[in-house]
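Accompanying notes for the structure given below.
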Amino acid sequence: MSMLCYTLIIAFLIGIWAAPQSEDNVPLGSPATSDLSDTSCAQTHEGLKTSRNTDQRHPAPKKVDDQELGSVANIIVDPKLFQKRQFQSSRVLFSTQPPPLSRDEQSVEFLDNEDALNRNIQAKRQNHPVHDLGEHSVCDSISEWVTKTTATDIKGNTVTVEVDVNLNNEVYKQYFFETKCRNPNPVPSGCRGIDSRLWNSYCTTTQTFVKALTMEGNQASWRFIRIDTACVCVITKKTDNL
C-alpha cells in the first residue's frame, strides 16, 4: 500500500514538473517563436513589396543633368552664359515667339538689339529705293528667319545647334536670319545685266560665321558656325574671246 502511495506522489511531482511553460519563457526556436518570426518576415516582405509598387507608381525624379541630356532642344541655360557672349550678330536672335516675316516689324521681343536691326534695315531701304528708280539686282535673293539643329563650325566640324533654350523659366528659340539665292540663273544667260558675249556668270550663295549657342559635350557653349548671308554673282571671262 505504501508502495502505491509513493508511486502516486512521484507521478504527481513529475506532472507538475512537466507542465507547459509560459510564452514569455519559450526557448528560441520554439513553435511560438517561429510563428512570430514568420509574421515579422511576412510584414517585412509586404512592406518591401508595397515600397516597390509605390516606387513604380511614383518614379524618382530625374536629375537636372538627366533632364538636360534627355532633351537637348530645351536645355536650361545659366543667364551668365549670355554675359560671356562676344561678337554678337544681328543675324542671330532669341525669341519667345516666331519672328516677323519682315524684319522692320516691332511686335516680337528679342534678347538681341531688335531696334538697332530694324533701323538699319529701314535705312537701307530708304537709301536704295529700288522700285522707284527701276533698279534691278544682279541676282535674286530670299531672306528669312530659320532654326537650325546642326551646322558647320569654324573648324569644319558638324556641331549641334540649340533650338530651344530655357532661360529664367522662359523658353526661347534661337533663330538665324539667312539670305540665299532664289535662282542661280535669274536670266537664261546667268546673272542679270552681265554681257553674256564676254562673260560667263551665275549666282551663288555665300556664307559667313556668326556666334551661336551650341552643345559641346554635355554643356552649352558659344561657337562660330556658318550660315547663308548673301547671294552674289560669279563671272568668268569666256576663253574664246582671249
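Using N, Cα and C of the backbone, Cβ positions are placed for all residues, glycine too.
Here Cys191 is paired by Swiss-Prot through a disulfide bond, and of Cys5, Cys41, Cys233 its partner is Cys233. Cys191 (disulfide bond) is surrounded by 24 other CB atoms, counting those within 10 A of its CB over all protein chains shown. If you measure from the Cα atom of Cys233 (disulfide bond) to that of Cys203 (disulfide bond), you get 4 Å. Geometry remark: Cys181 (disulfide bond) versus Cys203 (disulfide bond), CA distance 7 Å.
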